[in-house]
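According to TrEMBL, the features are:
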- A:Lys204: active site, proton donor (ACT_SITE)
- A:Leu10, A:Gly11, A:Cys12, A:Gly13, A:Thr14, A:Val15, A:Gly16, A:Ser17: NADP(+) binding site (BINDING)
- A:Lys104: NADPH binding site (BINDING)
- A:Glu189: L-homoserine binding site (BINDING)
- A:355-428: domain 'ACT' (DOMAIN)
Protein chains: 2
Amino acid sequence: MTAPLRVALLGCGTVGSAVLRLLADQAGDLTARIGRPVEVAGVAVRRPDRHPDVPAELLTTDAHGLVTRPDVDLVVEVIGGTEPARSLLMAAFEAGKSVVSANKALLADEGGELHAAAAKAGVDLYYEAAVAGAIPLLRPLRESLAGDQLRRVVGIVNGTTNYILSRMAETGHGFTEALAEATELGYAEADPTADVDGFDAAAKAAILASLAFHTTVTAADVHREGISAVTSTDVARATEIGCTVKLLAICERVPGNEDGEGDSVAVRVHPAMIPTTHPLAAVGGAFNAVFVEAEAAGQLMFYGQGAGGEPTASAVLGDLVAVARNRVTGTAGPGVTTYAGLPARPIAETPTRYHVSLDVADRPGVLATVAQEFARHGVSIATVRQDGRGDAATLVIVTHSAPDAALSATVSALREMPAVRGVTSILRVEGLS
Amino acid sequence: MTAPLRVALLGCGTVGSAVLRLLADQAGDLTARIGRPVEVAGVAVRRPDRHPDVPAELLTTDAHGLVTRPDVDLVVEVIGGTEPARSLLMAAFEAGKSVVSANKALLADEGGELHAAAAKAGVDLYYEAAVAGAIPLLRPLRESLAGDQLRRVVGIVNGTTNYILSRMAETGHGFTEALAEATELGYAEADPTADVDGFDAAAKAAILASLAFHTTVTAADVHREGISAVTSTDVARATEIGCTVKLLAICERVPGNEDGEGDSVAVRVHPAMIPTTHPLAAVGGAFNAVFVEAEAAGQLMFYGQGAGGEPTASAVLGDLVAVARNRVTGTAGPGVTTYAGLPARPIAETPTRYHVSLDVADRPGVLATVAQEFARHGVSIATVRQDGRGDAATLVIVTHSAPDAALSATVSALREMPAVRGVTSILRVEGLS
């Protein structure tokens, strides 16, 4: 057997520990699959005393020294966050090491720069674990669908918010109670901002959109709304119209028009009602799923565990085998292309559909006035349901697709109408035919 | 721009025509993704006069001459069947051409030999389209999950039989009527043997098992039962116990035991009842889905269109981009490893679970006698339901897992018992906890 490939592990939390465990447990299989053994050269951590399970001689606090060491071939980065991860990856590329990363925030913000540095050095940058944990998703987008045209990628890519929304639907509780329960059970972190405000999903959406549309999309291009404003009324209204509420990451290619405007890319994260018959509706709890629509392939769905040490480590190791094989054959895998360079479409100009529930006065002419307001903003109504109860009535309206700004302007105008006593629920609707 | 990569297309039926259409429609994108343009060098067909849409100068009946032509870089084979496809692929490898194939029968029977020839020539052999059409499945198994240990792959991989079984459940019709309907609507071929007798699914199962378990598995190693013996009673009984009937391709790694027997691989295709809550139960009509269980990744599911010209062509083109990129960089992708060399486990020794429905005499002691027969064969009963109706009763039994031979011997013995008036339904059960 030839000399082993040596791996530097940066970070040793839940995912890093699982990577070490799998590397040891599957040493024989990995050797057979790669063609050379894989060996851990070192593990960079902040506090070596907190890692009694890792052999002391492997631990170091000098991450930069580790990634540039001549006896290191490959770098696995599971620190997370932008710095020092970014500098460490750049140093690794400069030193000619291939990198496997699980760092969604970094890839979403600096993916372009990192890919360029990897390409310049002739090494690999793989990051399957950054989006939807164990689900093989980035490789299918980068490779399996490389001969097709993607139209849309819609995913449930955050387990915490999916758990909270599932519990709200099951219990009738509001967001605050459901979040408290999730925190107690360990499904939400002590500071849940990254999850509930959609930052985590937005980073993943940026990565998915970049690969799907061969265009550089960063987290700043993603319109982002979290779930903290979702009420128990929203969830109840969804049930009434045969829908369920999910936090969706939506990446769309919006076709150009006859005025010469070219195609653009609309990427957004927000809660939405989807029909209970939609394949994504059944994805409950901490699971993730991503629905892909391509020109020739049609509809595809990928489903699995989106987080957790072992599932994420599985994705890291899959990438590690790939970059190790490339190292053995002296090559690098296909890079990421951004040739399409499509502009990001602002949310205001992105076509969406709204569900709106109103409390209105139950007297002649109210429906006509409300309908007129939609028409005035160029918004076409798909369905309307009116339930009278004494002198008041509930009006539930689902619109056709219209620019988001027109929908939002309509709702603002409705709030000012004397006949409208209250707007009780507004949520976008996705997946209706 | 550098010189184009030239492709020889073997076969020009539904899939081949779609490949030509996509190559033309997406020429610009493919060039950007590959780094060089792709050009069709020739199209080998049996009857050139039947392809008026293909430029006459591209058509040839000399497939062998085409694949060995010096101006051809890559070969796409969509002829199907074993010969002449096998000889053409071997000739292509010898001439140093990489191959993309959609040929499940050939890969299932001769995969080992073909991979060896491709490896020897230092070229690629990719065949994503051979299993589950457009669904990215082989690349995830070969690459994304290369750092994990697979336990099980269970799939609905034949659209025709899935359509027939779906219709039987919806209409209450028997197999013969449902097949006639499928034939009329074009979902079944004039000679439906390959589909309804499970040959198509068995070839796909062999390919999946080979990749999942790093072991050579051929179609001859696959236990195969089709759906022609599935009755409307079977379908009705399934509904009664909260199940639905599907034709499943099941690839399992069976752990060894304490007596020193090592791990083995059990691969089988047969109809089975699965709970309606199982993710595969909702896969209706002509769709395909494959459920994967891995040690670290946990449960994954892949869903999409399993057949049709455009979806299959999408998979062919994804592979074509991959082998073309490898050609541009002067390398070959990861080969297929068969180092594990696990033995195939005969169906008789494979643990399965049965559902058995019996018509019995409704008198004291019958249940005891029946239960004793299961015990005598070492088969443990999971659930039993007895419904009396006058002097007769229906007994519905679901067993725990036991070697298939023991289950089958139990059923044979039951048929001989005086108290058993008839065995009205026997089907294996999968996916129960």
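Placement of Cβ uses the backbone N, Cα and C atoms for every residue, glycine included.
Spacing of A:Ser17 (NADP(+) binding site) relative to A:Lys104 (NADPH binding site) is 19 Å (Cα to Cα, whole number). Ranking the recorded positions A:Lys104, A:Lys204 by how many Cβ atoms sit within 10 Å of each one's Cβ puts A:Lys204 at the top. Neighbouring residues of the recorded NADP(+) site, listed in sequence order and excluding A:Leu10, A:Gly11, A:Cys12, A:Gly13, A:Thr14, A:Val15, A:Gly16, A:Ser17, comprise A:Leu9, A:Ala18, A:Val19, A:Val78, A:Ile79 (Cβ within 8 Å of the Cβ centroid). Taken through DSSP, the domain 'ACT' (A:355-428) splits into 24 helix, 35 strand, 15 coil.
In this structure, the C-alpha atom of A:Leu10 (NADP(+) binding site) lies 15 angstrom from that of the residue listed as 'NADPH binding site'. Close to A:Val15 (NADP(+) binding site) in the fold, though at least 6 residues off in sequence, lie A:Val78, A:Ala102, A:Ala129, A:Gly309, A:Thr312, A:Ala313, A:Val316, each with a CB less than 8 Å from its CB. Secondary structure from DSSP puts A:Gly11 (NADP(+) binding site) in coil.
Using a 10 Å Cα-Cα cut-off from A:Lys104 (NADPH binding site), the recorded positions that qualify among A:Gly16, A:Glu189, A:Lys204 are A:Lys204. DSSP assigns A:Glu189 (L-homoserine binding site) to coil, not to a helix or a strand.
Of all Cβ atoms in the protein chains displayed, 24 besides its own lie within 10 Å of the Cβ of A:Gly11 (NADP(+) binding site). Counting in whole angstrom, A:Cys12 (NADP(+) binding site) lies 18 from A:Glu189 (L-homoserine binding site) by their C-alpha atoms.
DSSP gives A:Gly16 (NADP(+) binding site) a helix state. Counting other C-beta atoms within 10 Å of each candidate's C-beta, the binding-site residues A:Gly13, A:Gly16 are led by A:Gly16.
Neighbour density around each Cβ, counted as other Cβ atoms within 10 Å, peaks among the binding-site residues A:Thr14, A:Ser17 at A:Ser17. Long-range C-beta contacts of A:Glu189 (L-homoserine binding site), restricted to its own chain and to partners at least six residues apart, with a cutoff below 8 Å, comprise A:Thr160, A:Thr183, A:Asp195. Straight-line distance linking the Cα atoms of the residue listed as 'active site, proton donor' and A:Gly11 (NADP(+) binding site), rounded to a whole number, equals 21 Å.
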